[in-house]
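Dropping the structure in here first, questions after.
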Amino acid sequence: MNSTCIIFICNTNSKLEWYCYLLILVCFFILLVGFLGNILALRHYVYCRKTWTTNSIFLFNLALCDFTWILMAPFSVYYSLQRLDDYSSQTFYHIIRLFFSINIYGSVCFLTFISFDRYIGAVHPISSLTWWDKGKATSCTVAVWIFIVTASVPEICFTIEIGRQYDSTNSQDSTGGILQFAVPFVLSKIVLRFLIPVTVIFTCYMLTLKALLQLSKRQQRRNRIIRPFLLISAAMILFVVCFTPYHVMMMVILIYRITCQAPCGSTNTLLAVYQITEIICSISSCLDPIIFTVANKTFCQRMKDINCHPKRQFYKDTHLFLPIWLCNIPRDSQSHSESDLKQTNSKLFASEL
């Protein structure tokens, strides 16, 4: 899309021209960074599937979830700019909404399981061998996909019903419509698919950091904790920045609809900000592969050596949020004694982290 085409599109929406240019700018960023990053991540895990770990299973599904939305994001931006008057009743718009819902909450769920996997690997590396393995991770992954698809269907039905009863301006946002349905719908959406996951994520990462700090003190290698600390901090900051504005705006619009006295004023600006927060959610799809895959020390080496052999270390592909000594514990094997594991772990941690 050249500059002349961009100016033409934005001039058709002169009242919110700033909103138009911002959406297009973010869309270019999403396509450039997100497409390349997720392609590299998916290629990495597909070619190395023989050495997958519990962590790799969640990371692959996170990349798959993000990549599907990256492909749909340009269509979402186009409909937001060009079809504001009638797109809410169209089938393709509802397909876009379905993909967006699956992406945002699929990402939230997989990020939650990734933080949990890192936590049990750092805090319970030995006891978790008896109850956490690739089979359990696969079952959790299937459950997540079933949950997010099932939970997205009522949202689409709710949006369609609103479109039948209200004009297109008021139906762009699923928080509008009949308040007796909108209030429990939005509140349950925020609590079950945002507040609970964010609590789990921050709790797991803080406990993981605590375990790493304690271990680094015992090993007298405090400088080794800097990189894992930065990666964990980046993951938490990214989650807050990308997903919090969307859910805050959802609550703001709901409160506005409840408190406004008829006739209510125009909500065009409010809805424009809401749609911008939706696009901000897509930034997570771009940066997830950078933080969770490309930042891995083994990533460059694995990209050069595509032929991954199953005889290599089972946890060599584990993300660097965990110390390397945890990456060398085969979760599917229970033949190692506790003393042998601790001795091996301390040596590997001292030399590799």
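Glycine is no exception: its Cβ is also placed from the backbone N, Cα and C atoms.
In case it's useful when we look at the structure, here is the feature table from TrEMBL:
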TRANSMEM  21-46  transmembrane segment
DOMAIN    37-292  domain 'G-protein coupled receptors family 1 profile'
TRANSMEM  58-79  transmembrane segment
TRANSMEM  91-116  transmembrane segment
TRANSMEM  182-208  transmembrane segment
TRANSMEM  229-256  transmembrane segment
REGION    333-353  region 'Disordered'
COMPBIAS  342-353  compositional bias 'Polar residues'
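So that I understand the layout, could you describe where these features sit and how close they are to other parts?
Residues 23-24, 26-27, 30-31, 34-35, 38-39, 41-42, 45-46, 52, 87, 92-93, 96, 99-100, 102-104, 106-107, 110-111, 113-114, 117, 137, 140-141, 144-145, 278-279, 282, 284-286, 288-289, 292-293, 319 of the same chain lie 6+ residues outside the transmembrane segment (58-79) yet bring a C-beta within less than 8 angstroms of a C-beta in it.
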Under an 8 Å Cβ to Cβ limit, what residues of the same chain, 6 or more beyond the ends of the transmembrane segment (91-116), are close to it?
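For the transmembrane segment (91-116), the nonlocal Cβ contacts are 55, 58-59, 61-62, 65-66, 68-69, 72, 75-76, 79, 83, 137, 140-141, 144-145, 147-149, 151-152, 155-156, 159-160, 174, 193-194, 197-198, 200-201, 204-205, 208, 235, 239, 243, 246, 278, 281-282, 284-285, 288, 292, 319.
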Could you pull the average pLDDT for the domain 'G-protein coupled receptors family 1 profile' (37-292)?
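Within the domain 'G-protein coupled receptors family 1 profile' (37-292), the model's average pLDDT equals 80.
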